[in-house]
Amino acid sequence: MTVASIIGGGVIGGGWAARFLLNGWDVRVFDPDPEAERKIGEVLANARRSLPGLSDAPLPPEGQMTFHADMAEAVQGAAWIQESVPENLGLKHKILAQIQAVCDAGAVIGSSTSGFKPSQLQEGSNAPGQIVVTHPFNPVYLLPLIELVPSPANEAGFVEKAAEVLRSIGCYPLHVRAEIDAHIADRFLEAVWREALWLVKDGIATTEEIDNAIRYGFGIRWAQMGLFETYRVAGGEAGMKHFMAQFGPCLQWPWTKLTDVPEFTDELVDLIAGQSDEQSGAYSIRELERIRDNNLVAMMRALKAQDWGAGAILKGHDARLKAGTELVATAADLTEPRPVLTCARAVPLDWTDYNGHMTESRYLDAFAQSTDRFMELIGCDAAYIAAGGSYFTAETHIRHIDEVHAGARIEVRTQMLQGAGKKLHLFHSMYEGARLLATGESFLLHVDLTTRRSCEPGPQVLEGLALMRAAHGALPYPEGAGAAIRRP
Ligand SMILES: NC(=O)C1=CN([C@@H]2O[C@H](COP(=O)(O)OP(=O)(O)OC[C@H]3O[C@@H](n4cnc5c(N)ncnc54)[C@H](O)[C@@H]3O)[C@@H](O)[C@H]2O)C=CC1
Ligand SMILES: C[N+](C)(C)CC(=O)CC(=O)[O-]
């Protein structure tokens, strides 16, 4: 198992630990805070309820997490070392030197620094090419962006190796080609934060009004198209040139405080903290994290359906996860005398409901995916359907036997009860591990898609059905098959 070492397990180190662990890495943590294990445990609990529910593919089995009082023990043998200690250059130099004294020469040392340049972090190091900035965004276990900032001391092959590791754990490494204070994204965040502080200090808006100005408008727009694509559209048919001609002159008007930072007096801090308490004090930080995570998962899954922005990254990671696992049966399994594996997937967060478990309509969704896979296995594949033959479902009966929650890995196994002529009768059983969760029974009729009438299947499907009959014909009739809801 590949090992990631987390040096500093606060807000950001805890998020990195969760991302590596849930993507199958063993994680070793070094943090002198006696509360570190509890704090990481709470971050991990939030990650476990949201990250596996982001994907349609199951994540690999979780790695093992261990806590170490000795840094050398945490670092030796690790392929990736992530430094996430407080933002203080002196402290980071000290920690990086301690890491490099004991780590493997081939390990990547990523720093979470929000503002320091890699060449600043590398000062005084004997092996500067091993240290690179990998700046994440909170929550690290959900947001894909990592600003990967090398200095001239980092070789191209090393940077690509680091990028590949980041991709493998579902991240989007944005290669920042020239090192600069605060990289790319934090420059925006600082500018927006500065303006917001002025607006509160000058009594123009409260913290809540500022948040509303972001989340009800341009914040949603930015989440899917960023800045320049949004403004291109805003230029209308004339596009970006027109937009710049129209709004460029405004930049000269006194709209912004530009780089002035309001003085951080006790009065300003109390004003902001007081308004923030009024706005959000009804929730604990962990509750706010869970609300944030639910919203982020829902937004990214919506973008995934559009194959756009962060959703396209998620789609790519799902494809990678699926390729890495033996998900469903192959045609060779048609001859085995046992139900066929037709679906293996995760339960996404948006498949769950107000009762805190997988909602009823999604059982049909999963069973429909199994039926589609079964059709494919017997030869009713995309080409066959395009040529005009397919199956229509005529009747379905679902039994809910046990609960299942977001992030769980579920499998569906399918037994063919009848497969002759036009008729196809399937019995799906859904499991989490050995636990039976539900059964779904479907009766289908083969149809001609041109006439929309039932008809005999073509030779390719008849052959598939014959194979399946030979394999499943002698299996016992499953418990619960052929049942209906009886009159009381
Ligand atoms: N909080 C944020 O929104 C973001 C922070 N960052 C960066 O991540 C880094 C860490 O920030 P946070 O997690 O927010 O800080 P934090 O204060 O939550 O966590 C820092 C952790 O480092 C530990 N620590 C202190 N001295 C240590 C030592 N000698 N060895 C090992 N661990 C030690 C502390 O006990 C604490 O758990 C900073 O460089 C920051 O700029 C990056 C992205 C976002
Ligand atoms: C405020 N901050 C500079 C620590 C923010 C970041 O570095 C990134 C983030 O997650 O917003």
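Every residue, even glycine, has its Cβ placed from backbone N, Cα and C.
What TrEMBL lists as domain '3-hydroxyacyl-CoA dehydrogenase NAD binding' is 5-177. What TrEMBL lists as NAD(+) binding site is G8, G9, G10, V11, I12, G13. Residues or ranges marked as domain '3-hydroxyacyl-CoA dehydrogenase C-terminal' by TrEMBL: 184-248.
The number of other Cβ atoms within 10 Å of the Cβ belonging to G8 (NAD(+) binding site), over all protein chains shown, comes to 25. All chains included, 17 other C-beta atoms sit within 10 angstroms of the C-beta of G10 (NAD(+) binding site). With the fewest other Cβ atoms inside 10 Å of its Cβ, the least crowded of the binding-site residues V11, I12 in this structure is V11. Each residue in the domain '3-hydroxyacyl-CoA dehydrogenase C-terminal' (184-248) gets a DSSP state, and the totals come to 56 helix, 0 strand, 9 coil. Same-chain neighbours of the NAD(+) site beyond G8, G9, G10, V11, I12, G13, judged by a C-beta within 8 angstroms of the site's C-beta center, are, in sequence order, I6, G14, G15, W16, D31, S84, V85, S112.
Every protein chain shown contributes to the tally, and the Cβ of G9 (NAD(+) binding site) ends up with 27 other Cβ atoms within 10 Å. The average pLDDT computed over the domain '3-hydroxyacyl-CoA dehydrogenase NAD binding' (5-177) stands at 96. Non-local neighbourhood of G13 (NAD(+) binding site): I6, I7, V29, D31, I40, Q82, S84, S112, each in the same chain, at least six residues away, with C-beta under 8 Å from its C-beta.
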